[in-house]
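Per Swiss-Prot, the features are:
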type	residues	note
DOMAIN	46-296	domain 'Laminin N-terminal'
CARBOHYD	Asn133	N-linked glycosylation site
DISULFID	Cys182-Cys206	disulfide bond
DISULFID	Cys297-Cys306	disulfide bond
DOMAIN	297-356	domain 'Laminin EGF-like 1'
DISULFID	Cys299-Cys315	disulfide bond
DISULFID	Cys317-Cys326	disulfide bond
CARBOHYD	Asn320	N-linked glycosylation site
DISULFID	Cys364-Cys373	disulfide bond
DISULFID	Cys366-Cys384	disulfide bond
DISULFID	Cys387-Cys396	disulfide bond
DISULFID	Cys399-Cys417	disulfide bond
CARBOHYD	Asn406	N-linked glycosylation site
DISULFID	Cys420-Cys432	disulfide bond
DISULFID	Cys422-Cys438	disulfide bond
CARBOHYD	Asn433	N-linked glycosylation site
DISULFID	Cys440-Cys449	disulfide bond
DISULFID	Cys452-Cys462	disulfide bond
LIPID	Ser510	GPI-anchor amidated serine
Amino acid sequence: MYLSRFLSIHALWVTVSSVMQPYLFVWGHYDVCKSLIYTEEGKVWDYTACQPESTDMTKYLKVKLDPPDITCGDPPESFCAMGNPYMCNNECDASTPELAHPPELMFDFEGRHPSTFWQSATWKEYPKPLQVNITLSWSKTIELTDNIVITFESGRPDQMILEKSLDYGRTWQPYQYYATDCLHAFHMDPKSVKDLSQHTVLEIICTEEYSTGYSTNSKIIHFEIKDRFAFFAGPRLRNMASLYGQLDTTKKLRDFFTVTDLRIRLLRPAVGEIFVDELHLARYFYAISDIKVRGRCKCNLHATSCLYDNSKLTCECEHNTTGPDCGKCKKNYQGRPWSPGSYLPIPKGTANTCIPSISSIGNCECFGHSNRCSYIDLLNTVICVSCKHNTRGQHCELCRLGYFRNASAQLDDENVCIECYCNPLGSIHDRCNGSGFCECKTGTTGPKCDECLPGNSWYYGCQPNVCDNELLHCQNGGTCQNNVRCACPDAYTGILCEKLRCEEAGSCGSESGQGAPPRGSPALLLLTMLLGTAGPLVF
(Lines of atoms letter the chains of each structure in order from A and count residues from 1; the text may use other names and numbers.)
(Lines give C-alpha, C1' and ligand atoms only; values in the text may rest on other atoms or scores of the structure.)
Protein backbone atom coordinates (compact mmCIF):
# COMPACT_ATOMS: atom_id res chain seq x y z
CA MET A 1 0.00 0.00 0.00
CA TYR A 2 2.79 2.41 0.98
CA LEU A 3 4.71 1.53 -2.18
CA SER A 4 1.68 2.28 -4.36
CA ARG A 5 1.20 5.63 -2.60
CA PHE A 6 4.86 6.47 -3.09
CA LEU A 7 4.68 5.61 -6.78
CA SER A 8 1.52 7.71 -7.17
CA ILE A 9 3.12 10.71 -5.50
CA HIS A 10 6.27 10.25 -7.58
CA ALA A 11 4.22 10.07 -10.78
CA LEU A 12 2.35 13.25 -9.79
CA TRP A 13 5.62 15.04 -9.09
CA VAL A 14 7.09 14.00 -12.43
CA THR A 15 3.93 15.18 -14.21
CA VAL A 16 3.89 18.56 -12.47
CA SER A 17 7.62 19.03 -13.04
CA SER A 18 7.29 18.20 -16.73
CA VAL A 19 4.47 20.69 -17.11
CA MET A 20 6.07 23.50 -15.10
CA GLN A 21 9.66 23.05 -16.21
CA PRO A 22 9.40 24.67 -19.64
CA TYR A 23 7.62 27.72 -18.26
CA LEU A 24 10.19 28.13 -15.51
CA PHE A 25 12.90 27.75 -18.11
CA VAL A 26 11.50 30.26 -20.56
CA TRP A 27 11.80 33.37 -18.44
CA GLY A 28 14.04 32.20 -15.60
CA HIS A 29 17.42 32.99 -17.21
CA TYR A 30 19.38 36.13 -18.10
CA ASP A 31 18.66 37.80 -14.75
CA VAL A 32 22.32 38.61 -13.94
CA CYS A 33 24.51 41.00 -15.96
CA LYS A 34 27.79 40.17 -14.26
CA SER A 35 29.14 38.01 -11.45
CA LEU A 36 32.47 37.50 -9.73
CA ILE A 37 34.19 34.25 -10.57
CA TYR A 38 37.44 32.74 -9.29
CA THR A 39 40.28 31.96 -11.69
CA GLU A 40 43.99 31.24 -11.38
CA GLU A 41 44.58 35.00 -11.62
CA GLY A 42 42.10 35.68 -8.79
CA LYS A 43 38.59 37.13 -8.78
CA VAL A 44 37.38 38.50 -12.12
CA TRP A 45 34.07 39.72 -13.50
CA ASP A 46 32.13 37.36 -15.74
CA TYR A 47 29.79 39.39 -17.98
CA THR A 48 26.62 37.76 -19.30
CA ALA A 49 23.58 38.73 -21.36
CA CYS A 50 20.75 40.00 -19.16
CA GLN A 51 17.20 41.27 -19.43
CA PRO A 52 14.42 42.54 -17.12
CA GLU A 53 11.83 40.17 -15.76
CA SER A 54 8.55 39.77 -17.65
CA THR A 55 5.78 41.78 -15.98
CA ASP A 56 2.33 43.33 -16.42
CA MET A 57 3.04 46.25 -18.76
CA THR A 58 -0.41 47.84 -18.39
CA LYS A 59 0.90 49.45 -15.17
CA TYR A 60 3.10 51.75 -17.24
CA LEU A 61 0.99 52.68 -20.27
CA LYS A 62 -0.93 55.79 -21.27
CA VAL A 63 -4.29 55.26 -22.97
CA LYS A 64 -5.83 57.53 -25.60
CA LEU A 65 -9.27 57.24 -27.21
CA ASP A 66 -10.23 58.56 -30.62
CA PRO A 67 -12.68 60.20 -30.90
CA PRO A 68 -11.95 61.67 -27.45
CA ASP A 69 -15.65 62.01 -26.53
CA ILE A 70 -16.60 58.44 -27.43
CA THR A 71 -16.92 57.27 -23.79
CA CYS A 72 -20.54 56.99 -22.66
CA GLY A 73 -22.09 59.13 -19.94
CA ASP A 74 -21.71 62.70 -21.18
CA PRO A 75 -24.59 63.32 -21.54
CA PRO A 76 -26.08 60.42 -19.53
CA GLU A 77 -27.70 57.72 -21.63
CA SER A 78 -29.46 54.39 -21.24
CA PHE A 79 -28.33 51.20 -22.95
CA CYS A 80 -29.84 47.78 -23.48
CA ALA A 81 -28.53 44.34 -22.65
CA MET A 82 -27.05 42.71 -25.74
CA GLY A 83 -28.95 39.49 -25.23
CA ASN A 84 -32.31 41.21 -24.60
CA PRO A 85 -33.13 44.45 -26.50
CA TYR A 86 -36.09 45.08 -24.21
CA MET A 87 -33.94 45.35 -21.08
CA CYS A 88 -32.88 48.99 -21.45
CA ASN A 89 -32.77 50.01 -17.81
CA ASN A 90 -28.96 50.23 -17.65
CA GLU A 91 -27.57 53.74 -17.37
CA CYS A 92 -24.19 55.34 -18.05
CA ASP A 93 -23.58 58.68 -16.33
CA ALA A 94 -20.06 60.16 -16.26
CA SER A 95 -20.98 62.49 -13.39
CA THR A 96 -21.91 59.60 -11.07
CA PRO A 97 -18.97 57.34 -10.07
CA GLU A 98 -21.17 54.26 -9.67
CA LEU A 99 -22.55 54.69 -13.19
CA ALA A 100 -19.42 55.97 -14.97
CA HIS A 101 -17.29 53.80 -17.28
CA PRO A 102 -14.01 55.70 -17.92
CA PRO A 103 -11.05 54.23 -19.89
CA GLU A 104 -8.93 53.46 -16.81
CA LEU A 105 -11.40 50.70 -15.87
CA MET A 106 -9.90 48.61 -18.68
CA PHE A 107 -6.74 48.19 -16.57
CA ASP A 108 -7.93 47.87 -12.97
CA PHE A 109 -8.06 44.71 -10.87
CA GLU A 110 -10.87 42.41 -12.02
CA GLY A 111 -11.24 40.19 -8.96
CA ARG A 112 -14.53 41.73 -7.88
CA HIS A 113 -18.10 41.27 -8.96
CA PRO A 114 -19.69 42.91 -10.81
CA SER A 115 -16.72 43.67 -13.03
CA THR A 116 -15.73 47.21 -13.93
CA PHE A 117 -15.41 48.24 -17.57
CA TRP A 118 -14.97 51.05 -20.06
CA GLN A 119 -17.96 51.61 -22.34
CA SER A 120 -18.49 53.62 -25.50
CA ALA A 121 -21.53 55.63 -26.43
CA THR A 122 -24.28 53.62 -28.14
CA TRP A 123 -24.77 53.43 -31.90
CA LYS A 124 -27.44 56.12 -31.88
CA GLU A 125 -26.07 57.77 -35.05
CA TYR A 126 -26.53 54.66 -37.20
CA PRO A 127 -25.90 54.19 -40.15
CA LYS A 128 -22.82 56.32 -39.51
CA PRO A 129 -20.14 53.78 -38.44
CA LEU A 130 -19.47 53.41 -34.72
CA GLN A 131 -15.67 53.23 -34.71
CA VAL A 132 -13.18 53.70 -31.88
CA ASN A 133 -9.37 53.69 -31.71
CA ILE A 134 -7.85 52.74 -28.35
CA THR A 135 -4.12 53.55 -28.32
CA LEU A 136 -1.81 52.13 -25.63
CA SER A 137 1.54 53.95 -25.43
CA TRP A 138 4.63 53.21 -23.36
CA SER A 139 7.03 55.86 -24.71
CA LYS A 140 9.54 53.03 -24.57
CA THR A 141 10.38 49.98 -26.64
CA ILE A 142 9.01 46.82 -25.02
CA GLU A 143 9.18 43.12 -25.90
CA LEU A 144 6.01 41.04 -25.65
CA THR A 145 6.38 37.76 -23.74
CA ASP A 146 2.81 36.47 -23.49
CA ASN A 147 -0.53 36.63 -25.27
CA ILE A 148 -2.33 39.96 -25.51
CA VAL A 149 -5.76 39.34 -23.97
CA ILE A 150 -8.76 41.68 -24.37
CA THR A 151 -11.90 40.91 -22.35
CA PHE A 152 -15.15 42.47 -23.55
CA GLU A 153 -18.02 43.12 -21.18
CA SER A 154 -20.36 43.46 -24.16
CA GLY A 155 -20.25 41.14 -27.15
CA ARG A 156 -16.96 40.83 -28.99
CA PRO A 157 -16.87 43.18 -31.99
CA ASP A 158 -17.89 41.99 -35.42
CA GLN A 159 -14.83 43.73 -36.89
CA MET A 160 -11.59 44.72 -35.20
CA ILE A 161 -7.92 45.29 -36.06
CA LEU A 162 -5.00 45.05 -33.63
CA GLU A 163 -2.10 47.25 -34.77
CA LYS A 164 1.44 47.93 -33.53
CA SER A 165 3.94 50.74 -33.82
CA LEU A 166 7.70 50.60 -33.49
CA ASP A 167 8.28 54.36 -33.77
CA TYR A 168 6.12 55.79 -30.97
CA GLY A 169 2.95 56.03 -33.01
CA ARG A 170 4.27 57.75 -36.12
CA THR A 171 3.55 54.74 -38.32
CA TRP A 172 1.39 51.65 -37.77
CA GLN A 173 1.38 48.06 -39.02
CA PRO A 174 -1.42 45.51 -38.56
CA TYR A 175 -0.82 42.72 -36.07
CA GLN A 176 -4.03 40.77 -36.70
CA TYR A 177 -7.52 41.18 -38.15
CA TYR A 178 -10.67 39.92 -36.40
CA ALA A 179 -14.09 39.54 -38.02
CA THR A 180 -17.20 37.41 -38.16
CA ASP A 181 -16.66 37.31 -41.94
CA CYS A 182 -13.04 37.96 -42.92
CA LEU A 183 -13.68 37.79 -46.65
CA HIS A 184 -16.49 40.35 -46.50
CA ALA A 185 -14.84 42.69 -43.97
CA PHE A 186 -11.18 42.67 -45.07
CA HIS A 187 -11.06 40.65 -48.32
CA MET A 188 -8.93 38.02 -46.57
CA ASP A 189 -9.37 34.29 -46.20
CA PRO A 190 -9.94 33.30 -42.56
CA LYS A 191 -7.02 31.62 -40.78
CA SER A 192 -5.88 30.78 -37.29
CA VAL A 193 -2.40 30.68 -35.76
CA LYS A 194 -2.49 26.90 -36.09
CA ASP A 195 -2.41 27.37 -39.88
CA LEU A 196 0.99 29.09 -39.68
CA SER A 197 4.49 27.57 -39.57
CA GLN A 198 8.07 28.61 -38.90
CA HIS A 199 8.27 30.03 -42.41
CA THR A 200 4.97 31.95 -42.23
CA VAL A 201 4.97 32.96 -38.55
CA LEU A 202 5.20 36.66 -39.50
CA GLU A 203 2.16 36.48 -41.77
CA ILE A 204 -0.64 38.89 -40.89
CA ILE A 205 -3.88 36.91 -40.75
CA CYS A 206 -7.59 37.49 -40.29
CA THR A 207 -9.26 35.19 -37.80
CA GLU A 208 -12.93 34.44 -37.16
CA GLU A 209 -12.23 32.55 -33.91
CA TYR A 210 -12.98 35.49 -31.64
CA SER A 211 -15.86 37.29 -33.35
CA THR A 212 -18.87 35.05 -32.78
CA GLY A 213 -21.22 37.55 -31.15
CA TYR A 214 -22.35 37.80 -27.53
CA SER A 215 -22.04 34.95 -25.08
CA THR A 216 -21.21 34.96 -21.38
CA ASN A 217 -18.41 32.47 -22.08
CA SER A 218 -17.20 34.17 -25.25
CA LYS A 219 -15.89 37.56 -24.19
CA ILE A 220 -12.15 37.16 -24.77
CA ILE A 221 -9.98 38.02 -27.77
CA HIS A 222 -6.35 36.82 -27.96
CA PHE A 223 -3.31 37.79 -29.94
CA GLU A 224 -1.28 34.61 -29.65
CA ILE A 225 2.35 35.27 -28.75
CA LYS A 226 3.21 31.92 -27.16
CA ASP A 227 1.72 29.92 -30.04
CA ARG A 228 4.15 31.73 -32.33
CA PHE A 229 7.04 31.03 -29.94
CA ALA A 230 6.06 27.36 -30.05
CA PHE A 231 6.92 27.10 -33.77
CA PHE A 232 10.59 27.35 -32.73
CA ALA A 233 10.63 26.15 -29.11
CA GLY A 234 8.14 23.28 -29.40
CA PRO A 235 4.60 22.90 -28.01
CA ARG A 236 5.73 23.23 -24.39
CA LEU A 237 8.50 25.73 -25.14
CA ARG A 238 11.21 23.25 -24.17
CA ASN A 239 13.69 24.08 -26.93
CA MET A 240 14.35 27.70 -26.05
CA ALA A 241 17.82 27.54 -27.62
CA SER A 242 16.13 27.28 -31.01
CA LEU A 243 13.87 30.28 -30.32
CA TYR A 244 16.71 32.37 -28.92
CA GLY A 245 18.87 31.48 -31.89
CA GLN A 246 16.17 32.70 -34.27
CA LEU A 247 15.64 35.91 -32.27
CA ASP A 248 19.39 36.55 -32.36
CA THR A 249 19.80 36.06 -36.09
CA THR A 250 16.46 37.18 -37.55
CA LYS A 251 15.80 40.88 -37.01
CA LYS A 252 12.31 40.71 -38.52
CA LEU A 253 11.30 38.02 -36.03
CA ARG A 254 12.72 40.01 -33.12
CA ASP A 255 10.96 43.17 -34.31
CA PHE A 256 7.67 41.29 -34.68
CA PHE A 257 7.45 40.84 -30.91
CA THR A 258 8.69 44.39 -30.20
CA VAL A 259 6.42 47.45 -29.88
CA THR A 260 6.32 50.99 -28.55
CA ASP A 261 2.54 51.30 -28.94
CA LEU A 262 -0.49 49.11 -29.55
CA ARG A 263 -3.73 50.26 -31.14
CA ILE A 264 -7.09 48.49 -30.91
CA ARG A 265 -9.32 49.58 -33.78
CA LEU A 266 -12.97 48.76 -33.08
CA LEU A 267 -14.72 48.99 -36.46
CA ARG A 268 -18.14 47.41 -35.91
CA PRO A 269 -19.81 46.42 -32.63
CA ALA A 270 -21.35 43.03 -31.94
CA VAL A 271 -24.65 42.97 -33.80
CA GLY A 272 -25.67 39.39 -33.13
CA GLU A 273 -27.54 39.00 -36.39
CA ILE A 274 -27.21 39.88 -40.05
CA PHE A 275 -29.08 43.18 -39.91
CA VAL A 276 -28.91 46.05 -37.43
CA ASP A 277 -32.11 46.51 -35.42
CA GLU A 278 -32.71 50.23 -35.96
CA LEU A 279 -35.48 50.26 -33.34
CA HIS A 280 -33.07 49.22 -30.59
CA LEU A 281 -29.78 51.02 -31.34
CA ALA A 282 -29.10 51.36 -27.62
CA ARG A 283 -28.06 47.69 -27.59
CA TYR A 284 -25.03 48.33 -29.81
CA PHE A 285 -21.84 49.63 -28.17
CA TYR A 286 -18.34 48.56 -27.12
CA ALA A 287 -17.42 47.66 -23.54
CA ILE A 288 -14.02 46.34 -22.38
CA SER A 289 -13.47 45.12 -18.84
CA ASP A 290 -9.80 44.11 -19.02
CA ILE A 291 -6.69 44.32 -21.23
CA LYS A 292 -3.63 42.21 -20.41
CA VAL A 293 -0.23 42.92 -21.94
CA ARG A 294 2.80 41.12 -20.49
CA GLY A 295 6.30 41.96 -21.57
CA ARG A 296 9.55 43.58 -20.55
CA CYS A 297 11.53 46.68 -21.34
CA LYS A 298 13.75 46.17 -24.34
CA CYS A 299 17.28 46.76 -23.06
CA ASN A 300 19.18 44.88 -25.78
CA LEU A 301 20.30 42.29 -23.19
CA HIS A 302 22.30 44.92 -21.31
CA ALA A 303 20.11 45.41 -18.19
CA THR A 304 18.08 43.46 -15.65
CA SER A 305 15.86 46.30 -14.45
CA CYS A 306 13.80 49.12 -15.86
CA LEU A 307 13.04 52.24 -13.83
CA TYR A 308 9.64 53.95 -13.97
CA ASP A 309 10.15 57.58 -13.01
CA ASN A 310 8.13 60.67 -13.97
CA SER A 311 5.81 58.44 -16.03
CA LYS A 312 8.75 57.21 -18.10
CA LEU A 313 10.43 53.81 -18.43
CA THR A 314 14.22 53.68 -18.74
CA CYS A 315 16.61 50.73 -18.69
CA GLU A 316 19.25 50.67 -15.93
CA CYS A 317 22.07 49.86 -18.30
CA GLU A 318 25.11 47.67 -17.59
CA HIS A 319 28.04 46.57 -19.76
CA ASN A 320 29.16 50.24 -20.18
CA THR A 321 26.08 51.00 -22.30
CA THR A 322 23.63 53.88 -22.06
CA GLY A 323 20.38 55.21 -23.53
CA PRO A 324 16.68 54.39 -22.93
CA ASP A 325 17.22 50.95 -24.52
CA CYS A 326 20.96 50.63 -23.70
CA GLY A 327 21.39 51.23 -27.41
CA LYS A 328 24.83 52.84 -27.45
CA CYS A 329 28.18 52.80 -25.66
CA LYS A 330 28.90 55.22 -22.84
CA LYS A 331 31.28 58.07 -23.39
CA ASN A 332 34.89 56.89 -23.33
CA TYR A 333 33.75 53.29 -23.84
CA GLN A 334 33.74 53.22 -27.62
CA GLY A 335 36.76 51.01 -28.12
CA ARG A 336 34.63 48.86 -30.43
CA PRO A 337 31.20 49.38 -32.07
CA TRP A 338 28.13 48.94 -29.88
CA SER A 339 26.38 45.60 -30.21
CA PRO A 340 23.32 44.11 -28.49
CA GLY A 341 23.86 41.20 -26.18
CA SER A 342 23.24 37.71 -27.48
CA TYR A 343 21.09 34.93 -26.02
CA LEU A 344 23.64 32.39 -27.19
CA PRO A 345 25.24 30.25 -25.99
CA ILE A 346 22.50 29.00 -23.66
CA PRO A 347 22.10 29.61 -20.75
CA LYS A 348 24.24 32.72 -20.11
CA GLY A 349 24.54 34.24 -23.56
CA THR A 350 27.16 36.80 -24.58
CA ALA A 351 27.29 40.28 -23.06
CA ASN A 352 29.11 42.13 -25.89
CA THR A 353 30.24 44.81 -23.44
CA CYS A 354 31.47 48.20 -24.57
CA ILE A 355 35.21 48.57 -23.89
CA PRO A 356 37.18 51.74 -23.06
CA SER A 357 38.42 53.91 -25.88
CA ILE A 358 42.21 54.01 -26.16
CA SER A 359 42.13 57.80 -25.73
CA SER A 360 39.85 57.64 -22.68
CA ILE A 361 42.14 55.91 -20.19
CA GLY A 362 43.61 59.27 -19.19
CA ASN A 363 40.15 60.85 -18.94
CA CYS A 364 38.80 59.14 -15.84
CA GLU A 365 35.09 59.03 -15.04
CA CYS A 366 35.46 59.64 -11.31
CA PHE A 367 32.87 62.42 -10.87
CA GLY A 368 35.67 64.88 -10.11
CA HIS A 369 36.82 63.00 -7.01
CA SER A 370 40.00 61.70 -8.66
CA ASN A 371 42.05 62.37 -11.77
CA ARG A 372 43.76 59.01 -11.69
CA CYS A 373 42.42 55.71 -12.95
CA SER A 374 43.68 52.41 -14.23
CA TYR A 375 42.39 50.04 -16.89
CA ILE A 376 42.33 46.50 -15.46
CA ASP A 377 42.50 44.19 -18.45
CA LEU A 378 41.62 41.14 -16.37
CA LEU A 379 38.39 42.80 -15.21
CA ASN A 380 37.77 44.52 -18.55
CA THR A 381 37.07 47.80 -16.78
CA VAL A 382 38.51 51.13 -15.67
CA ILE A 383 38.85 51.75 -11.91
CA CYS A 384 39.40 55.14 -10.26
CA VAL A 385 42.41 55.41 -7.96
CA SER A 386 42.78 57.52 -4.78
CA CYS A 387 39.20 58.80 -4.53
CA LYS A 388 38.90 62.05 -2.55
CA HIS A 389 36.09 63.77 -0.63
CA ASN A 390 35.36 60.63 1.39
CA THR A 391 34.28 58.65 -1.71
CA ARG A 392 35.19 55.18 -2.90
CA GLY A 393 34.19 52.71 -5.61
CA GLN A 394 34.99 52.02 -9.24
CA HIS A 395 33.98 55.57 -10.24
CA CYS A 396 34.22 57.17 -6.76
CA GLU A 397 30.45 56.89 -6.77
CA LEU A 398 30.12 55.39 -3.27
CA CYS A 399 30.80 56.82 0.19
CA ARG A 400 33.54 55.61 2.51
CA LEU A 401 32.54 53.66 5.59
CA GLY A 402 31.45 56.14 8.24
CA TYR A 403 29.89 58.43 5.61
CA PHE A 404 26.57 58.44 3.75
CA ARG A 405 25.23 59.91 0.52
CA ASN A 406 24.02 63.52 0.59
CA ALA A 407 20.71 63.21 -1.27
CA SER A 408 20.64 66.94 -2.10
CA ALA A 409 24.05 66.90 -3.80
CA GLN A 410 25.06 65.66 -7.24
CA LEU A 411 27.62 62.88 -7.55
CA ASP A 412 30.30 65.37 -8.62
CA ASP A 413 29.78 67.61 -5.57
CA GLU A 414 32.65 67.73 -3.07
CA ASN A 415 30.06 67.42 -0.28
CA VAL A 416 28.34 64.35 -1.73
CA CYS A 417 29.36 62.26 1.30
CA ILE A 418 28.39 63.33 4.82
CA GLU A 419 30.02 61.95 7.96
CA CYS A 420 27.71 59.70 9.97
CA TYR A 421 28.70 61.23 13.33
CA CYS A 422 27.46 58.22 15.27
CA ASN A 423 27.75 58.79 19.02
CA PRO A 424 30.60 56.50 20.09
CA LEU A 425 28.98 55.75 23.45
CA GLY A 426 25.54 54.93 22.03
CA SER A 427 26.34 53.27 18.68
CA ILE A 428 27.71 49.83 17.91
CA HIS A 429 30.15 51.21 15.30
CA ASP A 430 30.81 54.42 13.36
CA ARG A 431 28.93 53.38 10.20
CA CYS A 432 25.38 54.37 9.21
CA ASN A 433 22.89 53.37 6.53
CA GLY A 434 22.05 55.30 3.37
CA SER A 435 19.74 57.62 5.31
CA GLY A 436 22.36 58.54 7.92
CA PHE A 437 20.90 56.38 10.71
CA CYS A 438 23.44 54.69 12.99
CA GLU A 439 23.12 51.21 14.51
CA CYS A 440 22.38 51.72 18.22
CA LYS A 441 23.25 49.76 21.35
CA THR A 442 20.56 48.31 23.61
CA GLY A 443 18.51 51.03 25.31
CA THR A 444 19.69 53.70 22.87
CA THR A 445 17.80 55.39 20.02
CA GLY A 446 17.90 58.39 17.68
CA PRO A 447 19.50 58.86 14.24
CA LYS A 448 22.94 59.25 15.85
CA CYS A 449 22.29 56.94 18.85
CA ASP A 450 22.49 59.84 21.30
CA GLU A 451 19.08 59.41 22.94
CA CYS A 452 17.78 56.90 25.47
CA LEU A 453 14.71 54.73 25.25
CA PRO A 454 12.17 54.97 28.11
CA GLY A 455 13.50 53.23 31.23
CA ASN A 456 17.08 54.30 30.47
CA SER A 457 19.13 57.38 31.25
CA TRP A 458 22.32 58.76 29.75
CA TYR A 459 25.44 58.06 31.80
CA TYR A 460 28.43 57.29 29.54
CA GLY A 461 25.84 55.83 27.20
CA CYS A 462 22.32 54.74 28.03
CA GLN A 463 22.05 52.74 31.25
CA PRO A 464 18.95 51.16 32.81
CA ASN A 465 17.34 53.48 35.37
CA VAL A 466 18.29 52.76 39.02
CA CYS A 467 15.55 55.01 40.39
CA ASP A 468 12.80 57.16 38.92
CA ASN A 469 10.62 58.34 41.81
CA GLU A 470 7.72 56.46 40.22
CA LEU A 471 8.32 52.73 40.33
CA LEU A 472 11.86 52.57 41.68
CA HIS A 473 11.99 54.73 44.85
CA CYS A 474 15.08 55.46 46.95
CA GLN A 475 14.45 54.19 50.48
CA ASN A 476 15.11 55.49 53.97
CA GLY A 477 15.13 59.14 52.93
CA GLY A 478 17.46 58.72 49.98
CA THR A 479 17.07 61.02 46.93
CA CYS A 480 17.20 59.97 43.25
CA GLN A 481 19.86 61.78 41.24
CA ASN A 482 19.54 61.77 37.42
CA ASN A 483 17.85 58.37 37.55
CA VAL A 484 21.21 56.65 37.85
CA ARG A 485 21.96 56.68 41.61
CA CYS A 486 20.40 57.20 45.05
CA ALA A 487 22.04 59.72 47.40
CA CYS A 488 21.68 58.04 50.80
CA PRO A 489 21.63 59.51 54.34
CA ASP A 490 24.84 58.88 56.34
CA ALA A 491 23.40 55.85 58.12
CA TYR A 492 22.39 54.02 54.93
CA THR A 493 24.01 52.59 51.86
CA GLY A 494 23.12 50.28 48.93
CA ILE A 495 21.65 50.85 45.48
CA LEU A 496 18.34 52.09 46.90
CA CYS A 497 19.69 53.05 50.35
CA GLU A 498 18.23 49.81 51.58
CA LYS A 499 21.13 48.75 53.83
CA LEU A 500 22.37 50.06 57.16
CA ARG A 501 25.93 51.27 56.84
CA CYS A 502 26.77 49.61 60.19
CA GLU A 503 26.16 46.23 58.58
CA GLU A 504 29.32 46.58 56.55
CA ALA A 505 31.33 47.02 59.77
CA GLY A 506 29.36 44.35 61.63
CA SER A 507 28.54 46.84 64.41
CA CYS A 508 24.75 46.94 64.20
CA GLY A 509 22.97 46.28 67.49
CA SER A 510 21.08 47.87 70.30
CA GLU A 511 24.24 49.66 71.45
CA SER A 512 24.67 51.36 68.12
CA GLY A 513 21.25 52.87 68.20
CA GLN A 514 20.43 51.28 64.84
CA GLY A 515 17.90 48.54 64.45
CA ALA A 516 17.81 45.55 62.20
CA PRO A 517 17.83 46.24 58.44
CA PRO A 518 14.46 46.84 56.82
CA ARG A 519 12.83 44.05 54.85
CA GLY A 520 13.31 44.27 51.11
CA SER A 521 10.60 46.12 49.18
CA PRO A 522 9.05 44.89 45.91
CA ALA A 523 10.81 47.72 44.08
CA LEU A 524 14.14 46.59 45.46
CA LEU A 525 13.51 43.01 44.44
CA LEU A 526 12.56 44.15 40.90
CA LEU A 527 15.66 46.30 40.62
CA THR A 528 17.88 43.51 41.92
CA MET A 529 16.55 41.17 39.23
CA LEU A 530 17.02 43.82 36.51
CA LEU A 531 20.55 44.59 37.58
CA GLY A 532 21.33 40.91 37.85
CA THR A 533 20.70 40.59 34.08
CA ALA A 534 22.06 43.99 33.01
CA GLY A 535 25.54 43.63 34.59
CA PRO A 536 27.37 45.93 37.00
CA LEU A 537 26.84 49.69 36.97
CA VAL A 538 29.58 52.26 37.38
CA PHE A 539 28.91 55.26 39.66
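Residue positions begin at 1 at the first shown residue.
Note that Cβ sites are derived from N, Cα and C of the backbone, with glycine treated the same way.
On the structure: features taken from Swiss-Prot.
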residue : record                      : DSSP class
Asn133  : N-linked glycosylation site : strand
Cys297  : disulfide bond              : strand
Cys306  : disulfide bond              : strand
Cys366  : disulfide bond              : coil
Cys396  : disulfide bond              : coil
Asn406  : N-linked glycosylation site : coil
Cys417  : disulfide bond              : strand
Asn433  : N-linked glycosylation site : coil
Cys438  : disulfide bond              : strand
Count the Cβ atoms, other than its own, that fall within 10 Å of the Cβ of Cys299 (disulfide bond), considering every protein chain shown.
30
Quick one: pull the CA-CA distance for Cys452 (disulfide bond) versus Cys422 (disulfide bond), whole Å only.
14
Rounded to the nearest angstrom, how far is the Cα of Cys438 (disulfide bond) from the Cα of Cys326 (disulfide bond)?
37
Could you say whether, by DSSP, Cys182 (disulfide bond) belongs to a helix, a strand or a coil region?
helix
Near Cys420 (disulfide bond), which recorded positions out of Cys315, Asn433, Cys438, Cys462 have their CA within 10 Å?
Asn433, Cys438
Taking the Cβ of Cys366 (disulfide bond) as the centre, count every other Cβ atom within 10 Å, in any protein chain shown.
25
Would you count the other CB atoms within 10 A of the CB of Cys206 (disulfide bond), including those on all shown protein chains?
23
Just counting, how many other CB atoms are there within 10 A of the CB of Cys387 (disulfide bond)?
22
Within 10 angstroms of the C-beta of Asn433 (N-linked glycosylation site), what count of other C-beta atoms is obtained when all protein chains are considered?
10
Cα of Cys462 (disulfide bond) to Cα of Cys299 (disulfide bond): how many Å, rounded?
52
Spatially closest candidate among Cys299, Cys366, Asn406, the listed recorded positions, to Cys396 (disulfide bond) (Cα to Cα):
Cys366
How many Å separate the Cα atoms of Cys364 (disulfide bond) and Cys384 (disulfide bond)?
7
